[in-house]
Structures are given as structure tokens and as C-alpha cells.
Amino acid sequence: MVKYKILVATGDSVFAGSANLVHLWLVGEHGEADLGKQLRPLLGRKTELEVDVPLHLGRLLAVKLRKQKGLLDSDWFCKSITVQGPGTQGEAFFPCYSWVQGKETICLTEGTALKVTDDTQNLFRKYREQELENRRNVYRWGSWKEGLILPIAGSTERDLPRNQRFMKDKDLDFSLSLVKELKNFAIKGTLDFVSRVQKLEDYQKVFPHTKTALPERVRGSWKEDALFGYQFLNGANPMLLRRSMRLPARLVLPPGMEDVQTQLEKELKAGSLFEVDFSLLDGVKPNIIIFKQQYVTAPLVMLKLQPDGRLLPMVIQLQPPRHGCPPPLLFLPSDPPMAWLLAKIWVRSSDFQLHQLQSHLLRGHLMAEVISVATMRSLPSLHPIYKLLAPHFRYTMEINTLARNNLVSEWGIFDLVVSTGSGGHVDILQRATSCLTYRSFCPPDDLADRGLVGVKSSLYAQDALRLWEIISRYVERMVELFYRSDTDVKEDPELQVWCREVTEVGLLGAQDRGFPLSLESRAELCRFVAMCIFTCTGQHASTHLGQLDWYAWIPNGPCTMRKPPPISKDVTERDIVDSLPCLQQARMQITVTKFLGRRQPVMVALGQHKEEYFSGPRPRDVLKQFQEELAIMDKEIEVRNASLDLPYEYLRPSLVENSVTI
């Protein structure tokens with residue numbers, strides 16, 4: 001008889017334990033031992049077993065487990081199983097982090113990461129193949145709207161694989177906070193039907209009380225040109241600003257504006273001319289809300305970077321020129337204050353549309369979902385890249401399914417209160433999909449292409465580059481443990497299938513936009529994996545965390561505009577408030593922004609996941625080094641922000657979530 005000591009860890013979330021007995025088997029290279037119904041898993045507990053096995057199993061390869069159905073059937077969340085005894089080299093660790101359901105038999109392989117080519121005796125081949133076959137049946141590609149990158153199949157969150165659903169603590173927090181915000185909306189919103197905005201200060205009625213000082217600062221300074229320009233550098237959407245290489249062709253300067261032309265050319269020559277072009281919105285059909293037409297424009301903003309780092313607007317053009325029509329009106333800082341303010345408000349509303357749809361939803365949420373589904377379909381749990389990426393997929397599929405069903409669905413939030421709802425938002429997403437280049441997801445390339453490297457007042461650029469470098473070093477160190485040469489990368493068939501699954505299937509053939517169809521070297525692999533992790537963490541955080549800060553004061557980021565853009569510069573405050581959202585629309589914007597933009601109480605910061613997918617000290621040391629570098633960056637940002645008038649925190653590692661969860 002051979003003695004084994006087994007330690008089974010159950011999750012500590014509500015309902016993670018089970019009333020059912022669990023059947024266990026030990027699988028070794030010389031045979032398999034049935035341990036019988038040995039275990040009743042308890043919430044948050046580690047259950048210890050000592051068993052005698054009548055045969056020598058040799059090297060321990062796997063643990064199989066199956067939950068026995070009783071009178072009361074309940075799922076069980078198994079974290080991991082640890083085995084001590086012969087063939088374990090002291091101790092063998094079997095990561096699980098999965099729900100055990102029904103009578104399904106789950107096979108947990110030992111946590112040492114292995115590529116196909118490492119398994120020279122084919123000991124794990126059948127486990128890899130069976131796991132991927134099962135996963136491809138469970139994780140199927142779906143289709144939401146034609147021309148958009150692919151989601152997970154499933155109409156509602158109940159259709160998702162159990163392992164991708166919210167744990168009970170997350171589910172309760174999400175549901176209760178949503179009920180709270182909707183209750184407040186219902187109570188206070190009834191008064192909005194009898195109230196009308198008479199002046200800009202009336203939006204104070206819906207201005208929320210927040211835990212940070214920035215919304216109040218925005219409310220007090222939103223009219224200032226410096227704050228208007230600052231938002232393109234470090235606001236909720238820092239993804240549109242780029243340095244001008246030439247004057248845009250659409251910028252038609254009519255006679256009498258020679259001085260403006262001279263100023264623009266001077267800044268262009270000095271390398272201090274920047275632009276934000278919203279042409280993606282041109283021709284988008286605007287929404288009709290409660291039988292009232294809403295309006296959308298496609299502005300162009302030209303800005304100059306001052307020696308002190310301030311970015312100031314020089315010219316605003318609200319619409320592109322049309323053939324056979326007079327040149328569109330240009331707005332200048334020297335115009336009457338109300339005309340200039342209304343032009344800036346139109347820009348802020350346009351920025352709201354592209355921020356929420358292109359930068360946040362598409363580039364953050366939907367891109368992370370493509371990566372997660374492709375990984376689940378292509379890489380078995382033994383694979384080192386699966387183990388590296390798995391912590392960054394937590395809750396992404398469910399939050400995206402909820403967004404498709406409630407935010408951008410028919411009669412969802414966009415249809416109810418946003419100027420691009422009722423189809424325009426889908427048009428924008430389809431157009432933006434064609435702009436998804438590989439370089440734009442890698443900050444060193446993206447920031448270089450947009451001319452933002454070295455711009456000291458772009459705190460987003462500085463922090464994005466720093467975070468990318470830390471993530472890249474983490475990936476490189478981990479890859480070096482398992483890929484000794486470029487040949488190892490090229491000859492890894494599962495890795496190549498995964499890369500093609502992302503680019504050709506999930507991204508609908510994005511190889512023409514620079515995404516790789518294959519990975520030919522360690523450098524290419526590291527860049528691709530770093531892109532995946534940054535997308536699921538920093539990329540999303542940079543466009544998510546600022547929502548409440550910058551949109552709490554409605555005139556600074558209106559979700560819709562109720563009047564067409566001005567055709568003259570004879571503008572009054574009445575014209576402005578009649579253009580901005582009514583109080584009902586404004587309150588709904590605040591309700592959604594508060595709910596989605598709040599700091600999450602159930603949150604795992606970047607690199608702080610507790611799941612251990614790797615076994616052995618070397619991967620653990622690499623993760624520890626990653627955490628140490630993140631802590632240094634976090635502290636340095638804290639020190640920097642203490643001396644800043646406007647602190648920038650959206651890429652602070654302690655605030656960046658480890659995955660897209662909200």
C-alpha cells in the first residue's frame with residue numbers, strides 16, 4: 001500500500017461549498033487509483049484526506065474529480081488540490097479555479113506548465129486534446145452585429161459558461177448598486193418632468209456627490225480653454241489627440257482668416273500643432289428620443305501646445321465641408337464667449353460618443369473578450385501562455401453580455417438618452433472596427449504614431465509607456481522560462497492556432513491591419529502577449545476610470561444635443577441650455593455614469609490575483625518581481641500627483657483592475 005496526503009481547497013465566495021460528496025481519482029504514469037467518495041467540500045475550507053493506494057502510480061500526472069448527485073444538488077467551486085506522496089517530488093499542485101457541476105468529470109493536470117513539444121512521451125496529449133474539444137463546445141463564437149468583432153455565444157448571461165459568471169459577492173454588489181441607482185433615478189426623476197433647465201447652473205440639480213475632488217473642479221472650471229485642452233491629454237478619452245504633420249484637408253479657411261492660417265502654420269512648423277478629428281461621426285444617423293430629433297456633428301479641433309505644457313484650442317470646425325456648400329463656420333477663442341462655449345460643448349458631446357463606443361467599449365471591453373474567448377478555445381490549461389493570461393479574463397464575458405443587453409441594445413441606455421442611439425452607435429462601432437490596428441494597441445507604437453512621446457504634460461502617455469514596459473518585462477521573464485529559442489515559438493502548434501484564432505476569427509481577419517497570423521520569435525510572442533494583458537488592464541482602465549470625474553457635470557460631456565449646431569455666432573445662454581440634454585436625460589446620464597464609473601469594492605488590482613495557475617518557485621518569483629515593480633510605479637505616481645494641480649490616477653497600478661469587470 002502507498003500512502004497519499006491530499007488537501008482540497010474550496011472557494012470562499014458565497015455558495016462555493018457543496019452538500020454533495022466528491023469522488024476522487026489519482027492518475028499516474030503507471031495507472032489510476034479510484035479513491036471513492038471521500039470528500040464533502042466546505043465553504044472557504046481546506047479539506048485534508050489521507051488515503052492508501054494499492055498500486056504504485058509512478059509520477060503523478062492528474063487528479064480527476066466528480067461531484068455525486070444527492071437529494072440536494074449544488075455546484076462546488078474548487079480552487080486547487082495538493083497531493084503529497086510517492087511520485088510528487090515532495091508535493092504536487094493541481095490548480096482548478098472552476099465550478100464542478102452535475103456529474104461532469106473534471107481532470108486537473110499538475111500545475112507545471114508544458115508545451116506540446118515538452119511532452120515527449122505524450123503523457124498529457126489526451127488530456128490536452130479532450131480539454132480543448134470540450135472547451136470549443138462550451139466557448140463558441142457568437143455574432144452580435146454584422147461587421148463587429150466576435151463575442152462569446154449566448155443571448156444572456158445565463159447562457160455563459162459557469163466559470164465566466166460573476167461570483168456571488170460580485171453579483172450581489174452589481175445588482176444592489178444598480179437597484180440603488182435606479183431607485184434614486186425613479187424618485188428624483190419624477191420631478192424632472194415638471195422642471196426645465198433655464199440656465200447652465202440648473203444642472204447642479206443632477207450633479208452627484210462624489211468621493212473625489214475632480215468632478216467639483218470640472219464643474220467650476222469647465223469653460224476654461226486650458227481644461228478643455230487638458231482633457232484630450234489626460235481626460236476620460238486620451239486616445240484621439242495627435243500631432244499635426246500638415247494642415248488637415250478638411251480645414252477650409254475662408255477669406256479674412258489669413259491671420260489664423262499664419263498662426264496655424266507657425267505652430268505646425270514649430271511642431272506644437274495638434275488636432276482631434278471626429279470624422280468617424282460624419283454621416284451617422286442621429287437618434288430620435290421621445291419623438292424629438294437629436295443631433296450629431298463631426299468636429300475638428302486644432303490645438304497648440306504651449307511651452308508650459310498647456311494645450312489650448314485655436315480653431316473649431318463643427319462639420320466637414322460639403323461639395324457645393326459654403327465652407328463651414330469656424331469658431332475661434334476670440335469669438336463671442338457664448339458662441340465659443342457652444343462650439344466647445346459640441347466637441348465635448350462628440351468626444352462622449354467616441355469615448356464610450358470606440359475607446360471604451362470596442363477597444364477595451366470587446367477586444368478583451370476576443371482575446372479571452374480565443375484563449376479558452378485554443379490553449380489548454382497546461383499551456384504556459386494560458387496560465388499567464390487566465391487571471392486577466394475574470395468576469396469579462398458576463399459584463400460584456402450585460403452591456404450588449406442593457407447599454408447598446410434595442411431600447412437600451414443608448415437608445416433612450418444618447419444622440420447616437422437607435423442604430424447610430426452600431427454604425428460607429430462598425431466604422432471604428434476598421435481602425436483597430438495592431439500598432440494602436442501597443443502604447444510605444446501608438447504614442448509614437450500620434451506624436452505624444454516626450455510630451456511632458458501628457459501624463460497618460462508617460463504612465464501608459466511605463467506600465468507597458470513593466471508588463472513587457474513580466475511577460476519576457478515568464479516566456480524565457482518556457483521558450484528557450486525562436487524555434488520553440490515557431491514549433492508550438494497550440495500557440496500558432498491561438499494567434500490565428502485571435503486575428504483571423506475573433507477580429508474578422510485583422511491581418512491587413514497588422515495583427516499577426518503567426519508568431520515567429522520570442523520577441524513577437526512577448527509583444528503579442530503584452531498587448532493582450534495591457535488591453536485587459538491598462539487600456540480599459542485609462543478609458544473607464546475617468547467617467548464620473550469628467551461626465552458628472554453634464555455640460556462638460558453631454559450624452560446628446562437637442563438642437564442642430566449653430567450656423568451663426570449669435571448665441572445666447574438660452575441657445576446653449578436648449579441644446580444640452582433635458583433634466584431627465586441628464587439624470588439618466590448621471591445614474592449610469594455613477595453606477596459604471598464608481599470604484600469597485602470587489603476589485604483585484606493589476607498583478608494581485610490570488611489564483612496560482614503555475615506551480616514551482618520560478619514563475620512565482622517572476623510574478624513577485626512584477627508586483628514589486630508595480631508597487632514602485634504606484635508610489636511614484638502618488639508622489640508625483642501630490643504636487644500636481646490636476647492629479648492623473650487612471651493608470652495607477654493599485655487602481656487598474658486585473659481584468660475588464662465593469
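Just so it is clear, glycine is given a Cβ too, placed from its N, Cα and C backbone atoms.
Feature annotations, courtesy of Swiss-Prot:
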type: DOMAIN; residues: 2-114; note: domain 'PLAT'
type: DOMAIN; residues: 115-662; note: domain 'Lipoxygenase'
type: BINDING; residues: H360, H365, H540, I662; note: Fe cation binding site
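Restricting the average to the domain 'PLAT' (2-114) gives a pLDDT of 87. Under the three-state DSSP scheme, H540 (Fe cation binding site) falls in the helix class.
Neighbour density for H540 (Fe cation binding site): within 10 A of its CB lie 25 other CB atoms from the protein chains shown. Other residues of the same chain near the Fe cation site, with their Cβ within 8 Å of the Cβ centroid of H360, H365, H540, I662, are L361, G364, A368, I399, T543, H544, V660.
Spatially close to I662 (Fe cation binding site) yet at least six residues away along the chain are I399, H544, L596, Q600, judged by Cβ distances under 8 angstroms. Summarised by DSSP class, the composition of the domain 'PLAT' (2-114) is 0 helix, 64 strand, 49 coil.
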